[in-house]
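Asks: Can you keep this structure in mind? I'll have questions shortly.
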């Protein structure tokens with residue numbers, strides 16, 4: 001919405017500024033029969049033409065065109081770019097059009113790169129320092145980065161702000177989503193997590209309304225920033241996840257959060273004889289810790305634990321593929337549907353309206369079929385919808401767009417289920433790291449999507465959706481490798497990760513103290 005191409009761009013000729021010609025009259029001479037949107041003009045002697053009336057200049061150029069057309073040159077050689085509504089897009093501030101159009105794409109790429117970096121780093125940060133700390137840092141990043149974008153006088157600083165916004169969005173979404181998964185009972189976890197994800201299409205609808213009412217892009221960016229200030233209050237009121245505190249051994253703080261009072265018990269960590277090891281003090285005193293050892297025990301600990309056992313490796317690799325394919329298909333269908341000849345405000349709003357009901361379908365399915373079956377069915381339904389494009393004639397634009405939007409509907413529903421499913425698959429120790437790295441692979445898919453459309457589309461208009469359909473069906477089959485998570489309590493440690501066998505499922509317990517260690521008075 002902030003960086004759309006100008007609706008009416010044209011080239012103003014320096015030598016014709018002092019004439020009384022209208023814009024249409026100037027264009028009828030400088031851009032006659034050119035469809036370059038003002039990027040190029042005919043190389044006439046405009047100083048000579050400015051001494052004539054418009055009728056004489058038009059007749060003169062018409063006669064000369066019949067004899068020999070002049071050279072086609074860039075607008076900047078004879079004039080400058082002009083726009084009907086220059087304040088509605090940041091493109092006009094830095095003239096990101098024509099030969100500089102690729103730099104306009106960089107603004108979206110930096111958002112995706114920020115999400116790519118943020119989902120990885122904030123995921124590790126949340127597992128090491130807590131969900132609330134990660135959310136608070138993400139809120140601070142978002143507000144500062146948004147102000148950078150709003151008041152930036154330079155495009156390079158604007159790109160830094162866009163990168164920060166992408167990173168901050170991951171820092172806000174995934175710790176917040178993890179808090180819901182870890183603190184809501186199974187009975188309400190499904191609909192609350194999907195309602196949390198449904199905030200995305202609601203935000204799209206509100207953004208379209210704001211963009212329609214607030215035209216200058218800097219004011220629009222500031223308008224979108226102001227609601228983010230409420231996150232400051234949320235950071236103050238938001239408690240830390242008790243489950244994460246328990247996994248880290250901080251039992252007193254977890255007790256205060258759960259029971260709203262200071263513990264009058266002595267909470268001692270339960271130990272077993274297997275947890276003790278005997279070491280030689282003399283030998284131990286001579287042991288030095290290497291740099292690799294420090295990295296393994298510090299920043300890389302959560303990443304290493306994602307691949308610690310065969311069960312966890314199977315879960316994480318399958319989740320990576322599911323997230324990547326889901327994001328790829330989501331953005332491919334969005335790019336295919338964007339060819340609709342409608343207003344950009346209407347398109348963004350209708351996209352949100354299409355996405356919104358897609359979050360209601362999983363709520364019903366999860367209640368009756370569980371996580372595993374729902375995920376598999378949604379993948380299969382989406383894949384079939386995308387492959388149906390193969391039976392539609394290329395000339396039937398309405399049908400092609402209808403199937404594309406149906407695929408978007410299905411993939412949006414799939415995304416919400418996959419996010420919940422992945423959050424429940426992994427233990428508390430590495431849950432946010434797992435979600436963060438899964439999101440990283442999701443952004444690999446979103447970055448790949450434009451290339452899939454631009455490179456494969458010219459080879460065959462059906463190829464992007466066909467490839468997505470095949471990949472989605474493959475993801476549905478891989479779901480068979482995953483365990484059901486809707487009938488068991490969340491695991492806290494890597495050794496508690498279940499297999500696909502039903503016998504490994506741990507029944508749900510409603511005891512508040514089930515995760516607390518031994519209590520002595």
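Backbone N, Cα and C atoms are what each Cβ position is placed from, and that goes for glycine too.
In TrEMBL, annotation is done automatically, which means it is predicted and not curated.
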Asks: Any idea which of 474-497, 498-521 is down as region 'Disordered' in TrEMBL?
Replies: 498-521
Asks: For which of the residue intervals 435-458, 459-482 does TrEMBL record transmembrane segment?
Replies: 459-482
Asks: Mark yes when the transmembrane segment (315-333) and the transmembrane segment (459-482) have three or more Cβ pairs under 8 Å (sequence separation 6 or more) and no when they do not.
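Replies: Stretch pair touches.
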Asks: Across the domain 'Major facilitator superfamily (MFS) profile' (52-486), what is the average pLDDT of the model, as a whole number?
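Replies: Result for the domain 'Major facilitator superfamily (MFS) profile' (52-486): average pLDDT 78.
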